[in-house]
Amino acid sequence: MNLRQRPQPTRGRGPRDAPPRAQPPRYEQPFNIIPIHSLLTDHPSRRYPEVRAAAAALLAVGDLRRPPFTPWLEGMDLMDWLGLFFGFQMDSVRNQREHLVLHLANSQMRLQPPPADVDVLDPSVLRRFRRKILDNYGSWCSYLGRRSQVRIPTRPGPDTLRRELLYVCLFLLVWGEAANLRFVPECLCYIYHHMALELNHILDGQIDDNTGRPFLPSNIGENAFLHHVITPFYQIIKSEVERSRNGTAPHSAWRNYDDINEYFWSRRCFDRIKWPVDLSSNFFTTDKDKRVGKTGFVEQRTFWNVFRSFDRLWVMLVLFFQAAIIVAWDGTKYPWEALEKRDVQVELLTLFITWAGLRVLQAVLDAGTQYSLVTRETLWRGLRMVLKGMVAVTWTIVFAVFYAQIWSQKNSDRRWSDEANRRIVVFLKTALVFIIPELLALILFILPWIRNVIEETNWPILYIFTWWFHTRIFVGRGLREGLINNIKYTLFWVAVLASKFSFSYVFQIKPLVGPTKALSGLKDLKYHWHEFFNNTNRVAIGLLWIPVVLIYFVDLQIWYSVFSSVVGAIIGLFSHLGEIRNIQQLRLRFQFFASALQFNLMAEDQAISLQATLVQKLRDAIQRVKLRYGLGTYKKIESSQVEATRFALIWNEIALTMREEDLISDRELELMELPPNIWDIKVIRWPCFLLCNELLLALSQARELAYAPDRWVWFKICKNEYRRCAVIEAYDSIKYLLLEVVKYGTEEHSIVTKLFMEIDHYVQIEKFTGAYKMTVLPRIHEHLISLIELLMTPEKDMSKLVNVFQALYEVSVREFPRVKKSMEQLRQEGFAPLNPAIDAGLLFENAVQFPDVDDALFYRQLRRLQTILTSRDSMHNVPRNIDARKRIAFFSNSLFMNMPRAPQVEKMMAFSILTPYYDEEVLYKKEMLRSPNEDGISTLFYLQKIYEDEWLNFMERMHREGMVDDNEIWTTKARDLRLWASYRGQTLSRTVRGMMYNYRALKMLAFLDSASEVDIRQGSQDIASLGSLKQNSSGLGSRMPAASRNLSRTSSGVSILLKGHEFGSAMMKFTYVVACQMYGYQKGKGESRAEEILYLMKNNEALRVAYVDEFRFGREEVEYYSVLVKYDQLLKQEVEIYRIRLPGPLKLGEGKPENQNHAIIFTRGDAVQTIDMNQDFYFEEALKMRNLLEEFKTYYGIRRPTILGVRENIFTGSVSSLARFMSAQEMSFVTLGQRVLANPLKVRMHYGHPDVFDKFWFLTRGGISKASRVINISEDIFAGFNCTLRGGNVTHHEYIQVGKGRDVGLNQISMFEAKVASGNGEQLLSRDVYRLGHRLDFFRMLSFFFTTVGFFFNTMMVVVMVYAFLWGRLYLALSGVEGAAMDNSKSNKAFGAILNQQFVIQIGVFTALPMIVENSLEHGFLPAVWDFLTMTVQLASIFYTFSMGTRTHFFGRTILHGGAKYRATGRGFVVQHKSFAENYRLYARSHFVKAIELGVILIVYASHSPLAASTFVYILMTISSWFLVVSWIMSPFVFNPSGFDWLKTVYDFDDFMNWIWYSGGGLAKADQSWETWWYEEQDHLRTTGLWGKLLEIILDLRFFFFQYSIVYQLNITGNSTSITVYLLSWIYMVAAVAIYIAIAYARDKYATKEHIYYRLVQLLVIVLTVLVIVILLKCTKFEFLDLITSMLAFVPTGWGILLIAQVLRPFLQSTLVWDTVVSLARLYDILFGLIVMVPLALLSWMPGFQSMQTRILFNEAFSRGLQISRIVTGKKINIDT
């Protein structure tokens, strides 16, 4: 068998009892990263003694008792020993062996000071690892009062090390094979506890009492651990998931991962489950009556969760609101004047009654939602619930009685007597007792460390004291931050709350007191309808106050946005963000940038002692300040050639990667690179774009200062470092060039040499300006330019060359010197030929030669010299590509920010990257790129126009690599084309390329760490030579040798210098695992994606692919395996490394976290970075990963980080205006938003990738995400919740950025918003949010609320506020209250104050504030304002308003009814026009219907309100509401490609009507049949509970108000307000339904065969209807206008009836009524579709609107290209362009 190769198992193997597949010999097994025990393998990692030391420690089995039943082979180690004793799978043993050896070796490499004997594993390394990995287990044992089974002898020795190693190995093996149980960490602790106990029995040589033989574990044999330990727990999780009915069952009906895990937070787990596990235990039963119910928490679907989880926030808001009303009601000018009055003081005591009442509410909610947790085992919990309720009720009654007694005494005494005052004191003393818990909490808040100690100490006496306040749980203890952090976020929130409460009192509450008094004082008000409650205006007053109350509760979100923007900007400024914003600013600081790069990225020897560390920190801080501000004596970088060359290698590699990405052209690469010091140039050769125009400026200065001393001229030139370098480089280059072109040994050569020697002499003695005429320099400059142009032309004309040399000679020798010399003097001094014949005209005739055309390096330097001599522009636009400029600016700026110093690669922390992948695009296919849409626009055309410069760069590169004809792009270069397109999408290939830059960067840094001076200097020369061959541009391209043109791209840059050991260093420090869940299936089916993934593995040696493989036995039985594969570069094929069997199917909960979980066992290193499929990375940022990982060693507050938050760079902003809006919104959150969350608020969570996790901290605490079905649909953020609850620390670092793509089409964005909003709805129900809301201190709780679920809740309340406002105005207008109030002069002013409240609704500006502030910080104030104005013109406000509607709809629906689900957005390019029917399906219920409802309210209000008589007042009051209506209706079409094309609108209408009337039966899909879609839209009502249905019906009753209010406005009523009018109006509804049923019946019976009868029935109905209308017109006060008005009354009523019928569907579906309901629903959807279609059709018909929309939606290049392609090709694009 070939070395490394593993036999591939075949699908469809034989029967179950077939023999197991043969294992290759131990040392021939394929390895993942290092061949641990294979001494024969030549691998770079074997050179490290630390690897050998870790492997040797595992081999030290010594005298341990050998496992029975299995032969012990030579070379087996402790991992094998444990595997055989406890029945672990051999591949799992191999996997964890490498995992452990790599970790121990890397840890020992980092040890400071280094151990005395590097060939022996240092005990401290193992000890630290054991403490870290078993820390959670130790805490669990302490929490449950059990003794830990990790028993380390106090006396050190070889047995101690081995025992410690066995404990660590055992945990890794348990974790590595635990499969889905990795989500239940305390269950793993339970398993480990008992297995460690059995391990101790074996190690202690214990005899089994039952057998009298040496002790053996309970589960022994092949795969025993999987079958007998993991599988029973897995099966119970699986059965619970099945009970969830695919997530549609209520959360309270089944146990999720958290419930299973929290069962192990109680000692009962030891008694019930036992060991070996007792399968008869009720924990494992699925019997409904015997099974264990929910544990720890019950997730109930109710809006009350907002109050229940964050009760302290609502108590604060309610109490202040009450206090503000009491104070404002007194009517004094200032609040402190009211507070001096005793009446007001006593009224404020009612706050305690309210407070106690809110506690009653909390107790009722706790009991009502958590009652099912009370069992015989948890009676104390039930007792506490009852007692809390009783105590809260008692306090309420006591306060109410005492308060009543105060007023009773005062009223009887008619003054505030001593007795009344005494009763006030009694009340206050009672209140003091009431608030004692709050005072204690305040003291513990001021002394956070005391609270942490109390919560983390597991003393029973403390349980008794804390039992009343909260349930004892394993998590959520010791969450307080340090005092400094406490002070910071307390000051933040004190400022926010002070601003909010001041504003609320002055502008919200106080202005409404007057109107309320005036309105309540209106007597004998005549209502326009039947009023059920006479002589009261309470409903009207309530409707006035509701919007204000809602504003009051919501606007804290606005104040948070304002203050977080300001604080975030201040922190950003102090972090030195945005100091280098563009290339111009980089140019000013490039010299310092070079030094900063050396300082931050080049490793230094690590300090050994603590004192040395402190001194080093101080020295680093001083050096950083010097670099940042250019302080002190600046040390020019050319003084150290090694540093200069090292910087050049790094900078050039960055530029080279940008060229490979086609961000820059070959010419720009030459302008950006730092060439090596050749041609005897004495200064560092800065990039050309820095030296541009400097030589010409120097010449100008020299000409102006023609007679000034040398020193003065040189002083003026040297004021600019780049000018100085340009002059010296130009002079040295010209000198070298002339001596090179003039033949050596000729007389002319000696003349040129002599000439330069004289110039050098005069320069040295500072007499140059005295000896030469500065005015002649421009002429010399012109001749030199002519010379270089001649040398670079393909046609070599010797005569012209000689002429130029002769002209140069004449000017330099005869005109340039100030002193004229005779010919004789010139000959004597060697400046003229001795031979008179030459002087006669043959000078340089035979003395010059053209350079070799194949000397690419020479010509590259010549082009550089030409650039320096001729460039006149500032080159601020180099590179031209905006993304490249942004990246360079950010990278250069980041090096001036504070970051840890980078260690050497060998001493850095090892890390892995993990990317979950399901079935997304890997590489775009050729057909996809070519195929045009209905406009003739192909994806490739779209990309060519959006990324125009990158396409040109790509074509230039293809031509350089051998492409002759452009058509070859579809044949020989098709793969390159597909890659180019894929790298601009959101594909796996883009993500892999970006992440693999880490590997490339580490190899280069490892080379620089170990390279000598000679290596670096020589390497620079070698790269320049090779690079010149590869990148020789235009003028010489035709003469380049074929071999040089076809050089592989992989052999570019520093990679050609690597010696071999760098590969070993990089592999040990970095691994990239892509969890391609479906890869096995795709391979089996022969799908192209499997081939593309294999291609990625083939081209990236550090890439590993993990997937789930299925093997079927017969028809039913299936085995599942986690498999890891790599591409073996020696065997040239894919090789399977590990195959670990799973207990069952991978996916039980949410798919993505399960996919991550199965692959995480294959990651290596101390840290794991989670990267999504839509992300990218950059080479220059990869250079800083070492610095970032050092952050794990730094304390932030009182804790080290466990998650390192990383800044994101949204790269999809240029795709379309929509993408730009999304990018801007996202950018402000991932920068400013998260910056403030991390510091000062200390509540940053994990919001998705690309954060870096402390892997060993998380793998023992539940992993890097949660996976319970539905509740954890936003799986990523739960890692942050879990981290915070378990005492972790999340930080945010902005000196490194990771690229991230966002959805770019409206439908994609809406689905993403829906997913996030639904996820937040589920979060609100979760135990994590409840615990954080209660366990965090008050101010961190506020921060947590307003930055997670609170943001979505408040967004929803803003929309509810609009509803409340408009319904309130409608009530006031139609009831007559508004008219009466307008007639009353007092109330008129009051209504003006009420009007002002509406403007607070406009929170769009405030939500955009963080975006503007962050843009100002990073790009400057004016560019930020311009960006904002541009986005406004592109209708950004319409998009953000539309998004608000999406979030509101899905957040509210999820909390009320559930139905959250993963929505695949696709993330593709949006060039396809979406049909009207598709948009209607997506937005009808979330936006269109709601907008139509609001529009109808606004129309009715306009027609009946006396205020609306003034157009200005009406517009002022309703403009924001109309804007919301227009945004919600028109956004899907404004942001739809070709959305206003007239023909498409016509076709779309036909398609919509076909969809509405489709009759394809029940099997049709939702996009084919309206009826299927209509039923799917009701799915949430099928799964909702009773309360959800009741609330839905109550909300639907609002539509009946239209009918009630409008019928009284009809003329036919004769101004009657009797209730009979309303009751009679239902005759209209009955008649309308009867007419519809009659026509429908006639259609069904007669329409097909007896059509004449059908027409007769229609005629009869029409005649009767007309007759009734005529009778009404003649015999009553009925007017024709009443007919139209009544439509506005009865259409909403019908819609309300329909909505209620949908709720009652289970009762109605089996009756005859249901068919009528379905038919009416279809008519309503046609009506809604027509209402939406009318403005769309109107705009489509208007000329020019379509062009304007395309220009708004896409960039100018695309818009222009689209128009041209339509004109020229008749809507058929030439794909080859």
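Yeah, the Cβs are placed from backbone N, Cα and C, and that goes for glycine too.
TrEMBL does not curate its annotations; it predicts them automatically.
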TrEMBL feature transmembrane segment, matched against 343-364, 1421-1442, maps to 1421-1442
Ranges in play 165-184, 385-404, with TrEMBL marking transmembrane segment at 385-404
From the ranges 690-709, 1390-1409, 1590-1609, pick the one that TrEMBL records as transmembrane segment. 1390-1409
Hey, does the transmembrane segment (1680-1703) touch the transmembrane segment (1619-1640), meaning at least 3 C-beta pairs closer than 8 angstroms, sequence gap 6 or more? yes
Determine which residues of the chain contact the transmembrane segment (1421-1442) at the Cβ level, with the cut-off under 8 Å and only residues 6 or more beyond its ends counted. 1217-1218, 1220-1221, 1224-1225, 1306, 1310, 1404, 1407-1408, 1411-1412, 1415, 1487, 1523-1524, 1526-1528, 1530-1532, 1534-1535, 1752
Please list, for the domain '1,3-beta-glucan synthase component FKS1-like' (162-278), how many residues fall into helix, strand and coil according to DSSP. 76 helix, 2 strand, 39 coil
Test of understanding: applying the rule of at least three C-beta pairs under 8 Å (pairs 6 or more apart in sequence), is the transmembrane segment (313-332) touching the transmembrane segment (487-507)? yes
What average pLDDT does the predicted model assign to the domain '1,3-beta-glucan synthase component FKS1-like' (162-278)? 90
Where else in the chain does the transmembrane segment (1513-1535) make close Cβ contacts, counting only residues six or more beyond its ends and a cut-off under 8 Å? 1217-1218, 1305-1307, 1362, 1365-1366, 1369, 1395, 1398-1399, 1401-1402, 1435, 1437-1439, 1441-1442, 1445, 1474, 1479, 1482-1483, 1487-1488, 1490-1492, 1494-1495, 1498, 1501-1502, 1505, 1507, 1732, 1735-1736, 1739, 1749, 1752-1753
May I ask for the residues of the chain that lie six or more residues beyond the transmembrane segment (385-404) and have a Cβ under 8 Å from a Cβ within it? 349-350, 352-353, 356-357, 359-360, 362-364, 366-367, 370-371, 374, 423, 426-427, 430-431, 434, 468
